[in-house]
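Novice: Take this structure, written in structure tokens, and hold onto it; I'll ask about it next.
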Amino acid sequence: MHHLHPMIVCIFVMYTGIVGSDAIAGDQLLNIGVIQSKIRSLMYYTDGGASFIVVKLLPNLPPSNGTCNITSLDAYNVTLFKLLTPLIENLSKISTVTDTKTRQKRFAGVVVGLAALGVATAAQITAAVAIVKANANAAAINNLASSIQSTNKAVSDVIDASRTIATAVQAIQDHINGAIVNGITSASCRAHDALIGSILNLYLTELTTIFHNQITNPALTPLSIQALRILLGSTLPIVIESKLNTNLNTAELLSSGLLTGQIISISPMYMQMLIQINVPTFIMQPGAKVIDLIAISANHKLQEVVVQVPNRILEYANELQNYPANDCVVTPNSVCCRYNEGSPIPESQYQCLRGNLNSCTFTPIIGNFLKRFAFANGVLYANCKSLLCRCADPPHVVSQDDTQGISIIDIKRCSEMMLDTFSFRITSTFNATYVTDFSMINANIVHLSPLDLSNQINSINKSLKSAEDWIADSNFFANQARTAKTLYSLSAIALILSVITLVVVGLLIAYIIKLVSQIHQFRSLAATTMFHRENPAFFSKNNHGNIYGIS
């Protein structure tokens, strides 16, 4: 397996339904609610060589008697040219910018071309390289286009100078051959023109739908196989079966989505489109099986439980591995993967899948568990201890023994089954052996975190109760703190106001004292001045005699 890593794993459906295998004890697993839904074979595929399809967008009409003027064909030609002009210009720009001689210059030209187009993804760079290679073989492509221009076959093989096989598909030529050629000489020109116009209009509508992304986006947008199917019509299966050789049938290859196309060239002269298709090569690995498992709930001592098994397993050489296929493309008949996702499984699961039911691990289910029944291959599997299982034909209620995990109902037991509000038509007979010697009473019940809802709910309830208690305590302390803070704030404000009041009063008293002192000084000065005015002689004598000793 180590040298298969460049390949891609593809799982192709070989069997469907309940089919037993060597390593897995399918019949015994049914008793505990494990159902094998599909068994697939393992295949590898790698990229194959490129193939080319030439699509002719205009039909070849037989020459008329010279009196008919088919105007609808000219109108279709003009409309189609307008429709494809952006795509033609886009391809021409890529080819022109990237047309250099050396490999290094060519790669640089691709980058320049992508920059000019405003795109830069890895997929588009790869697509641009393909267009460059096609442009290098422009002469061969033109010869190929010219060689198919005169043919009326819907599918024809053309081999160019490099021996590249291309399939020329003229998608509407069959319609023209069947509807026009036989009656071109007998009906009126107007009728032929109208008929041709209606066919061309329908096909033009399909072309508009197919190339919408290419018209509104760069030409490097890939075509899906659905677009190719619409474009090529009924000729596509013929093309695939004759040219795209694989180990898969046409329907399987188309549904896998692995077949995609890309427009690499358009001939404006002939209105032909060259599409490149890469087809993978498939190799089957003998003896390998990939099995899908469905696990429904089962009854254990009147309690609903579910067994722990992988959703998909790989059986090879009598060994079992887990195979999730998370990165795979799933179709109704295949699962295609880029790598092998096989991984070991626990010993208990291995023994359980081998039929040792006492090694199986179950987890309890509390609440509404939806996987209580499964309908596979015309037989109904249900946990009738957790569901109301009522048969409508013949009318009766299906009872399930306490020691049984599930009930298996086939057409012998009931032809129309009612599960709660669901109605099922039973169409098949259950052929497997139902093992009755295993009792769910002795089952190994283990509480696992992924499905142990009861413990999870209890843990959540405890956490919620603890959170509520903490919130209550927090609110109490917050209220206490709020009250204490309010009292402290009021006391502080009162103290500050008191201090401010005392300061203001002190300042007022000091101001009053100073004012009174100034008033006394002013009065004393005024009295002295009055005495001086009233006794001038006294002051004159005093000054001469210096009675007060003032110099």
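All positions are counted from 1 along the displayed chain.
Every residue, even glycine, has its Cβ placed from backbone N, Cα and C.
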Novice: Can you tell which of C384, C414 is bonded to C389 by a disulfide, based on Swiss-Prot?
Specialist: C384
Novice: Check each of the ranges 132-160, 161-189, 219-247 against Swiss-Prot and return the one annotated as coiled coil.
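Specialist: Swiss-Prot lists coiled coil for residues 132-160.
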Novice: So, in Swiss-Prot, which cysteine from C360, C391 is disulfide-paired with C414?
Specialist: C391
Novice: Measuring Cα to Cα, how many angstrom lie between C337 (disulfide bond) and C352 (disulfide bond)?
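Specialist: Rounded to the nearest whole number, the Cα-Cα distance is 27 Å.
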Novice: Mean pLDDT for the coiled coil (456-481), as a whole number?
Specialist: 61
Novice: Out of the recorded positions N77, N90, C389, C391, give me the one sitting nearest to C328 (disulfide bond) by CA distance.
Specialist: N90
Novice: Have a look at the disulfide-bonded residues (C337, C384, C391, C414) and report the one with the fewest Cβ neighbours inside 10 Å.
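Specialist: Ranked by other Cβ atoms within 10 Å, the disulfide-bonded residues C337, C384, C391, C414 bottom out at C391.
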Novice: Can you tell which of C328, C352, C360 has the least company, meaning the fewest other C-beta atoms within 10 angstroms of its C-beta, among these disulfide-bonded residues?
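Specialist: It is C328 that, of the disulfide-bonded residues C328, C352, C360, has the fewest other Cβ atoms within 10 Å.
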Novice: Determine, to the nearest whole angstrom, how far the Cα atom of C360 (disulfide bond) is from the Cα atom of C414 (disulfide bond).
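Specialist: With the alpha carbons as reference points, the distance is 30 Å.
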Novice: Tell me, by DSSP, whether N90 (N-linked glycosylation site) is helix, strand or coil?
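Specialist: Note: N90 (N-linked glycosylation site) is helical by DSSP.
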